[in-house]
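Peer 1: One structure is given below, represented as structure tokens, and several questions about it will come after.
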Amino acid sequence: MAEEEETAALTEKVIRTQRVFINLLDSYSSGNIGKFLSNCVVGASLEEITEEEEEEDENKSAMLEASSTKVKEGTFQIVGTLSKPDSPRPDFAVETYSAISREDLLMRLLECDVIIYNITESSQQMEEAIWAVSALSEEVSHFEKRKLFILLSTVMTWARSKALDPEDSEVPFTEEDYRRRKSHPNFLDHINAEKMVLKFGKKARKFAAYVVAAGLQYGAEGGMLHTFFKMAWLGEIPALPVFGDGTNVIPTIHVLDLAGVIQNVIDHVPKPHYLVAVDESVHTLEDIVKCISKNTGPGKIQKIPRENAYLTKDLTQDCLDHLLVNLRMEALFVKENFNIRWAAQTGFVENINTILKEYKQSRGLMPIKICILGPPAVGKSSIAKELANYYKLHHIQLKDVISEAIAKLEAIVAPNDVGEGEEEVEEEEEEENVEDAQELLDGIKESMEQNAGQLDDQYIIRFMKEKLKSMPCRNQGYILDGFPKTYDQAKDLFNQEDEEEEDDVRGRMFPFDKLIIPEFVCALDASDEFLKERVINLPESIVAGTHYSQDRFLRALSNYRDINIDDETVFNYFDELEIHPIHIDVGKLEDAQNRLAIKQLIKEIGEPRNYGLTDEEKAEEERKAAEERLAREAAEEAEREHQEAVEMAEKIARWEEWNKRLEEVKREERELLEAQSIPLRNYLMTYVMPTLIQGLNECCNVRPEDPVDFLAEYLFKNNPEAQ
């Protein structure tokens, strides 16, 4: 009995552990599918999904990004290839391979229970997929248990299919119609790969092959819609482009729902070998782009000719083909037979908030919201400007917000002709907007007349709140410069608008608007003496016409100190929300340019959360770096040449000095020798030279054959001492 239980346990363990191969794990689609499957228990989709499980799964999917790198027991073990040898191994993968030979790859495939080949992202993978299914089919006789081969293809192999009902073009295609499908001209290789997989997949019991035709994939990092997300998020264009009339219907599916379909194929091993994976939506290109623009962009779209789509450098031919397809499809078998925990069953538009959240989290595009406060002349604006440039944030100053809001209201009130190609606003709504804008302008004018040109807090708070809730600030974030100044201003600005109870009890956490509340509060400060000295040293050109004039500055400084004495300061408000300010005493840093303060704030805030440098900015940075390098090299070369010239001059000077000293030494030696040779000369002239000269003269007169012998004989005979 015990042995049977042990055998059953082992069998269960074998069943519950499956090794899954997926190609190109470092790509968008394969990566998300692999991550999803690595968190799925083998066989889980065979059980019916209850409402409670769906709620739990929603919470689980939100935490998918932070999933543990450790392989969980009973889940699919993911292995696969990488597109680049230097790509990092995904955390969810047990093994990865790159630059591997076909022989070695086949050995790896034979170790797996499920082989998934994704041909939606790289046309180069089709030939390898056909080879893989062919090679595996030849090894069927050696299989110990059944293996599954899943080809992840695209609905573009249906793009030119004839309508099922000529009189009703809205009748969707289903899996049952796969024999009637006609491919887009650019996807003929895809449909050939599908046919090959279906051919091999029906030959053997131990080898089942499936084709899953997926719609345009979205979700997570954005997929093929990422270009539109990026354009909207950056906010650099007034309207998102729609290619053509935008009425073409695009079959779509969330990438995690596609992963759910694959999970069900693995668990259920269905009878149909061709499946369609699309959501229930019937969205047009215009619907999708308009939804993106409204929820994370300028809110407008602009229809442009299809030909202009090819000028968009970030869109590949493959992306354009998917975006311009006009095809209605229904995943009938998937909907009726599979248990899928849908992420976006109703489609892209209905789930845009969740999709946007995934997109921003996956790409690290969370906004950075900063509030910089402090006394006048402490350096708020200069520091805010530097931080805004570094983090690519919107620098918000009160005067600019007010001017912009009033200008916008005046533009609404002024007659506005609707241009050709723009969307017309309904007349009733337009009239209502004009009336509201005119009423608000009248109120602003009256308020400024009654307050000596100053605006009431109610208008300031309204304009500031609208600015902080604008799409650019929601996307990239903001740096709020010198506002709010008081506790009440902060409370009115950041508290929830729909708050029913106004409780003035301090010390409790008020409900605040998470959309606009700052993440970092920077409290700059310095002594009054330091601030006065800084203002005194400012150039007259900067001081003229600003609040830095002596009377206005002293009054502003006094007001700031007065409102920050009691326990109801603006800093207390943030403390109550547990957003503790970063206090920096600028006066103690002794840095006129505030570099140390900026460096300290960057350290506290962290790295930027954006797309980084654009191609143009990278090129500009590279150009500047090249110029700096050339200038540095030129300076180094000039310095080297100068150093060599100096060294050569010093060498010549030393040589000349040495020669001069040598000549001096020689002269001294000559003088010494001359001084030493005087007695010798005197001796020679007295005792030797007279006789020698006579002998030489005599030798010249006689001219003997041997003059030397003659001279010697002469000197011997005429030696004065001998005589």
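Placement of Cβ uses the backbone N, Cα and C atoms for every residue, glycine included.
As listed in Swiss-Prot for this protein:
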type	residues	note
BINDING	A377, V378, G379, K380, S381, S382, G587	ATP binding site
BINDING	432-455, 482-485, Q489, R555	AMP binding site
COILED	46-458	coiled coil
COILED	609-677	coiled coil
REGION	367-612	region 'Adenylate kinase'
REGION	397-455	region 'NMP'
REGION	537-547	region 'LID'
REGION	679-723	region 'DPY-30'
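Thinking about packing and proximity, how do these listed features fit into the structure?
Peer 2: Within 10 Å of the C-beta of A377 (ATP binding site) there are 21 other C-beta atoms, taking all protein chains into account. In the three-state DSSP assignment, the secondary structure recorded for A377 (ATP binding site) is coil.
Packing around M448 (AMP binding site) is summarised by its Cβ count: 15 other Cβ atoms lie within 10 angstroms of its Cβ, all protein chains included.
Mean pLDDT for the region 'Adenylate kinase' (367-612) in the predicted structure: 82.
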Peer 1: Closest of the binding-site residues to G482 (AMP binding site), Cα to Cα, picking from V378, K380, S382?
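Peer 2: Of all the candidates listed, K380 is nearest in space.
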Peer 1: For G587 (ATP binding site), what residues in its own chain, 6 or more apart in sequence, show a Cβ-Cβ distance under 8 Å?
Peer 2: D525, A526, S527, F530, L531
Peer 1: Work out how many Å separate V378 (ATP binding site) and Q489 (AMP binding site) at their Cα atoms, rounded off.
Peer 2: 21
Peer 1: According to DSSP, does G482 (AMP binding site) sit in a helix, a strand, or coil?
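Peer 2: Going by the DSSP assignment, G482 (AMP binding site) belongs to neither helix nor strand, so it counts as coil.
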Peer 1: Measuring Cα to Cα, how many Å separate S382 (ATP binding site) from Q489 (AMP binding site)?
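Peer 2: Distance (Cα to Cα, whole Å): 23 Å.
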Peer 1: Where M448 (AMP binding site) and G379 (ATP binding site) are concerned, what is their Cα separation in Å, rounded?
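Peer 2: Spelling it out, the Cα of M448 (AMP binding site) and the Cα of G379 (ATP binding site) are 28 Å apart.
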